[in-house]
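The active site, proton acceptor annotation in TrEMBL covers His62. Among the features that TrEMBL reports, active site, proton donor is placed at Tyr132.
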Amino acid sequence: MKRAPLEIADVIMITPHLIADSRGYFSEVFKAAWFNEHIADAVFLQDNQSLSAQAGTIRGLHFQMEPFAQGKLVRAIAGRLFDVAVDLRGGSPTYGKWVGVELSADNGKQLWIPPGFAHGFATLEPNSIIHYKVTAPYSAAHDRGIRWNDPAIGVEWPVSSEAALLSDKDRQQPFLGQSPYYFHYRSLKQEA
Ligand SMILES: Cc1cn([C@H]2C[C@H](O)[C@@H](COP(=O)(O)OP(=O)(O)O[C@H]3O[C@@H](C)C(=O)[C@@H](O)[C@H]3O)O2)c(=O)[nH]c1=O
């Protein structure tokens, strides 16, 4: 496996090694010992998968409050995604900044997004399937979101506002400035 830090230092792109032969390939897509040594000391408690039928579907930007804040290890197992992480850690030099990468079933790349970030993605092909491991279980009561196209964050989505397909919930998420409790990692912890 190879690791490559992105513009936000703790968000890491991972490229698993692929061993090809006449049948196809074999790849270790997750190995706890390697992950803990090279990426983060994390324990994954839940695996999630979702299918988005249409290209231009946007899910996000989502996170969970403490004590259910989630680190996420994200990959595409069908189709192509533009995957985005937004730094919400109070005191971080990259607070409010975003990073985006293309994850596809073909490129096999994975994105590690630590706790303290919001996550979202846009599908670039029909029937794209995302799979992600998370470090805390789902808790509806701790589930939060920020508006996908909040100008204060300025994610450059590869989908126009007119073409974007969103859930009702995501269409109405608050903007970054609206709810101060969101954005201090420390204050998220204090709220728990
Ligand atoms: C996230 C989640 C949802 N659900 C349920 C709630 C709801 O009935 C249904 C769909 O939920 P949502 O609309 O929140 O699904 P979705 O918009 O796909 O939410 C996901 O978006 C991406 C960007 C993330 O980063 C995830 O953490 C998660 O927030 O699934 C679970 O049962 N377990 C879970 O872990």
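In case you wondered, yes, glycine gets a Cβ from its N, Cα and C as well.
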Quiz item: How many whole Å apart are the CA atoms of the residue listed as 'active site, proton acceptor' and Tyr132 (active site, proton donor)?
Solution: 13
Quiz item: In terms of DSSP three-state secondary structure, what is the assignment for the residue listed as 'active site, proton acceptor'?
Solution: strand
